[in-house]
């Protein structure tokens, strides 16, 4: 039996098959837009096949079965350029911070959109910013998140088509598809964007649309049978009948690059605002025989943020999604509406979260953790079966080991606690390590800062630190050592030792009664 798997001896069969495969594959490539190469396919074909009449049907079989016999069942898409429009001034935000840098779930809106862009594995990303001085911050944020991003400046804000045209250099250099995203629309799921790109297999333009509860202010999609977009009418330009349409334009669109390049040069600005609308590409494309298809998504996926109220609405949508996903993944949220999650929060199974817990960016929670009410976490890791709270705070660099306990009014910053360690009450642990099984008494303070530098405190395994102890860093407490309550420890303590530092206790019999008498006499004279 012969196989064509690229191994020794396979090449003769490949040579026999290729003349029959190539015509079929060319047709398949035309259908799937260059997603298949004849050299990328392998076959497991019985030798008798080449001596049978079935050989003459082989091109047809290949055309029908290519998706099955491809070595890589995941067909590649044409190269993709993502153009992110981030030039908006955001005057309604009334902020010195550029609109797209305002945060949803701990990440800038621009960050959300760039992450979306990267999720579909583009060949390149172009970000269009405005000419203002504060746009330098947008440039910096974009390059921090995607160092390979190309930055282009829209010198005058003359509409969406003009903004896309600002990236003409990237468009001219690209071969494949182009998708246009908006940096103030941070909630689009990657699956929705993938569906939009898939629409380009059958139409020259793909438009992301939604059915609005209240379509006021949105451009309307005028549809034909087969979810074909005949036109996009901005509300200012729409007739009364068109304004009654509830299927609206999100602004997100996909194009084949050659079509986009030709259409951009033909878009005019003869409209009420005197701007160049990218949406005009639909009707111009129809004049050239280019069809546009719609992909319908949920309204909350394409919420654009132009005000503080809309920013709050976007936050609420994100939180609702994240809480639901956490519960579906196996966590219990006692009062979900009171738990605040960040864009990258990771929560394991069988985690119980009581009300009023805040997860800042960079927090991971392993399985079986119990988080009591009113805790605040950021850039921290919580190990398996940890019990934490109520009123606990984990700051950046906190790592809590398996089965450890962090109790009420305990703050931990840049400290690693080993498995089974406990700090149950009223303590500050900053810059250091706590060994496995160690016990930190109530009121213990890591005195880590001298006004200029931070210093480390190291506590060994199974050490016991008594209540109301100050550990003046840098200092090391050995394994199994005991620190007496109320001590101020400034020197290292050896393993297994007892360390005490307190002044001697003095007792004066009868002093209290004499003191009270004296003070009452003084008070009566004054009064």
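Positions of Cβ are set from backbone N, Cα and C atoms, glycine also.
Annotation source TrEMBL lists region 'Pyrophosphorylase' at 1-308.
In terms of DSSP helix, strand and coil, the domain 'MobA-like NTP transferase' (82-223) has 49 helix, 35 strand, 58 coil. Taken from TrEMBL, the feature domain 'MobA-like NTP transferase' applies to 82-223.
The UDP-N-acetyl-alpha-D-glucosamine binding site annotation in TrEMBL covers 85-88, 99, 154, 159-160, 219, 234, 249, 306, 395, 413, 428, 439. Within the same chain, the residues at least 6 positions away from residue 159 (UDP-N-acetyl-alpha-D-glucosamine binding site) whose Cβ sits under 8 Å from its Cβ are 269, 273, 275, 276, 277, 278, listed in sequence order.
Neighbour list (residue 184 (Mg(2+) binding site), Cβ cut-off 8 Å, at least 6 residues apart, same chain): 86, 88, 90, 99, 100, 109, 304, 305, 306. The feature Mg(2+) binding site is assigned by TrEMBL to 184, 306.
Mean pLDDT for the region 'Linker' (309-329) in this predicted model: 99. Look at TrEMBL and you will find 309-329 tagged as region 'Linker'.
Annotation source TrEMBL lists region 'N-acetyltransferase' at 330-527.
Residues or ranges marked as active site, proton acceptor by TrEMBL: 425. A 10 Å cutoff on Cβ-Cβ distances gives residue 425 (active site, proton acceptor) a total of 15 other Cβ atoms nearby, all chains included.
Per TrEMBL, acetyl-CoA binding site is recorded for 442, 448, 449, 467, 485, 502. Taking all protein chains in view, 12 other C-beta atoms sit within 10 angstroms of the C-beta of residue 449 (acetyl-CoA binding site).
Counting every protein chain shown, 27 other Cβ atoms lie within 10 Å of the Cβ of residue 87 (UDP-N-acetyl-alpha-D-glucosamine binding site). Taking the Cα atom of each, residue 502 (acetyl-CoA binding site) and residue 428 (UDP-N-acetyl-alpha-D-glucosamine binding site) are about 21 angstrom apart. When every Cα pair among 442, 448, 449, 467, 485, 502 is compared, the largest distance found for this acetyl-CoA site is 22 Å. Cα-Cα distance from residue 485 (acetyl-CoA binding site) to residue 425 (active site, proton acceptor): 14 Å (rounded to the nearest whole number). In space, 395 is the closest of the recorded positions 85, 219, 249, 395, 425 to residue 449 (acetyl-CoA binding site), judged by Cα positions. In this structure, the C-alpha atom of residue 467 (acetyl-CoA binding site) lies 66 angstrom from that of residue 219 (UDP-N-acetyl-alpha-D-glucosamine binding site).
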